[in-house]
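Student: What TrEMBL records for this protein is below:
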- A:1-10: compositional bias 'Polar residues' (COMPBIAS)
- A:14-28: compositional bias 'Basic and acidic residues' (COMPBIAS)
- A:1-36: region 'Disordered' (REGION)
- A:52-73: transmembrane segment (TRANSMEM)
- A:85-105: transmembrane segment (TRANSMEM)
- A:126-149: transmembrane segment (TRANSMEM)
- A:155-173: transmembrane segment (TRANSMEM)
- A:185-202: transmembrane segment (TRANSMEM)
- A:208-231: transmembrane segment (TRANSMEM)
- A:238-258: transmembrane segment (TRANSMEM)
- A:298-319: transmembrane segment (TRANSMEM)
- A:388-416: transmembrane segment (TRANSMEM)
- A:436-453: transmembrane segment (TRANSMEM)
Amino acid sequence: MANSTTSASANRPEGAERLSEERREAMRGEPPFVEAPTDDTRLVRALKEAGVTAGLVAVLTLFFFFFRTDIAVGGLNLTVDPKSWIIAVGIAFAGRFLLTYFVFAGERPTIGGWKKVAAASARWPIGKVLGITLLLIALTLPFLLMTLLPGQDRYLLDLSILILTYVMLGWGLNIVVGLAGLLDLGYVAFYAVGAYSFALLATNFDLGFWICLPMAGLFAALWGVMLGFPVLRLRGDYLAIVTLAFGEIIRVVLLNWYDFTGGPNGILGIPKPTLFGLEFSRGEGSFSDFFGLEYSSIQRFVFLYYIILALALLTNFVTMRMRKLPVGRAWEALREDEIACRSLGINTVNVKLTAFATGAMFGGFAGSFFATRQGFISPESFTFIESAIILAIVVLGGLGSQLGVVIASVVMIGGIELLRNLTGLQAIFGAGFDPTQYRMLIFGLAMVLIMVWKPRGLVSTRTPSAIYKEKKTIGADLVAQGEGH
Amino acid sequence: MSVAQQTDNRQAAETLLSVRGVETFYGKIQALRGVDIEVHRGEIVTLIGANGAGKSTLMMTICGNPQARSGQIVYNGQDITNLPTHDIMSMSIAQSPEGRRIFPRMTVIENLQMGAILEDEANFEDDLRKVFTLFPRLKERRGQRGGTLSGGEQQMLAIGRALMSRPKLLLLDEPSLGLAPLVVKQIFEAIRELNTNEGLTVFLVEQNAFHALRLAHRGYVMVNGSITMSGTGRELLAREEVRSAYLEGGAH
């Protein structure tokens, strides 16, 4: 077991077992070691591969080098030029021979190379690589946009903020629908409760964003419990209908309770978030003034971007942690089989309530962010289509998959935006074609195609939350020799 | 058989579970018509009967879903007749439900973790090792998803999951359902082992009367929602009515 190749993964005992299993999977049917090629076989192999390469080049370049046509009086003049053709073939032969003999065969046979790569990528599963890459891009995105696309940075940053808001909402709903398996068609209600809680607290009591944010989350969670308590005995379709109704009730109340919510006029003048009291505006005591920077309106966008990124990452972090705790495991078990859960002594009502409340809380956070970003909210922003989009993101991404939600958000929200700008389609359909009119149609079609292609969502695999690794007892004599770790 | 002798000595032993005059209804339909059953500490008791006799209903009634309309169920000196299921199941009663009901998308380890969800995490490693010693197949399959296991392995997992909660009383609902004879033998062997080595009390509902009665210390026969016969496993096996009704047809 003390093989040097496994030592890197053994540093992380939790993953070591799975990694070694995955590696075994990847190497299945392959001998564990490939014999180091001797000099003779190396030469033969190099010559053979060089020959094949030269042959291919000879065929492919035959009509480019060997035959040559020049424009001449009365047509084309065909000349034969074997010299440059032979030179090209010769270069290919020599190049391939040198590569094979010294580079490829030196360490490993060329054909075995792919399998090595597959084994190496098993150590770094594609989801993990993609996740880290996306995280790095997300962390540096404002600066990337400002340097690479200075003309469009404001628009693109705004779009990124929108996408991240949906990522966060998707992650929040993923707890309820993806993990706990409770179909919630009224998730926008919690988004609305969060937004209105924040707006009302901020405008009536003159409180700042950072104080109102947790309060808005708590309010939303409270509403989650209040809704959940009576309805969570329902299942499947029935629960979906009740949550759908709840979403509409909230919207109608917001619309008609004129004295409190401002009715259809909404709430104006919601304060912008500050960085430790520094405002993102011109003049004394502002962010740019404090740091001695030149004022630019993009600074506020960058700040908003990082707030929503932090909130979204918090959602993700909490979800990932929860999955490893008993309550999170119970969520997933509940989705699988409710009767089995009860037979294990799990109070299913409580488990559902925690899922509902946690999901609602993150919806509330996202709602207050939405309110502060817009500066104005009205019931129009919280219609059923929002719930549907968020649910579509979760389903499209693959129920329960965190990475899937990110990809689906980018595809859905970014895709809708992209279709707005597809003036290039006018070249195909004529000048009268207005892409914005067809974007929902195109978009719906794309979603149908994706669901046909991947019926269980873009990321349908589920990562186990626990891996068993047996403790090994290591003899002292082995430890002394520096083995057995 | 010495097991039967042991049972006779234990007759006076402490009652762990007692079901008295229990009647259960599904709407207007009466499924149990006054059932009386006693399970003593350290016993294997089996309930046999034909399809639709009410065996599983009794099992579910003990677990509180559905609850008994009349009668009383006492576990370990406590009346559990009207308690909610999750309270009953957290009182050191564990059940391997009908149809196994393992979590198909979760791995074997995660399934076992779910069994121990109400337990102290410090015991997890020990209990896991015990289950793996009892069912080595589960250890081999530990990283595999529950839904991809064979029927026998799933049954082992369901029993293992129940054992992870350190029960005093294990309720098994038709563990032999749909399994090959060899696997049935393995599972019953494991149950016997648990009973003799750890003193686990087992209440077993079975259609496979021959195996169940051979395994059990005592048995009950249920017909149409009431108990018609009871006695030690050997006695019941020897009785003409039992043989003709449950064995001759089944034992080819």
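Cβ atoms are placed via backbone N, Cα and C, with glycine included.
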Student: Under 8 angstroms, Cβ to Cβ: which one of A:126-149, A:155-173, A:298-319 has the largest number of such pairs with the transmembrane segment (A:185-202)?
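Tutor: Comparing A:126-149, A:155-173, A:298-319: A:155-173 has the most Cβ pairs near the transmembrane segment (A:185-202).
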Student: Taking pairs 6 or more apart in sequence, does the count of Cβ pairs under 8 Å between the transmembrane segment (A:388-416) and the transmembrane segment (A:126-149) hit 3 or more?
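Tutor: With 3 or more qualifying Cβ pairs, these stretches touch.
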Student: Of the listed stretches (A:126-149, A:208-231, A:298-319, A:436-453), which one yields the highest count of Cβ-Cβ distances below 8 Å with the transmembrane segment (A:238-258)?
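Tutor: Result: A:208-231.
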Student: Report the listed stretch (A:126-149, A:208-231, A:436-453) having the maximum count of Cβ pairs within less than 8 Å of the transmembrane segment (A:155-173).
Tutor: A:126-149
Student: Please indicate, using numbers and ranges, the residues of the same chain that are 6 or more beyond the transmembrane segment (A:126-149) and have a C-beta under 8 Å from a C-beta there.
Tutor: 156-157, 160, 164, 298, 301-302, 305-306, 309, 403, 406, 459, 461, 463
Student: Would you kindly list the residues that approach the transmembrane segment (A:436-453) from elsewhere in its chain, counting only those six or more residues past its ends and only Cβ-Cβ distances under 8 Å?
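Tutor: Answer is 392, 396, 411-412, 415-416, 419-420, 422.
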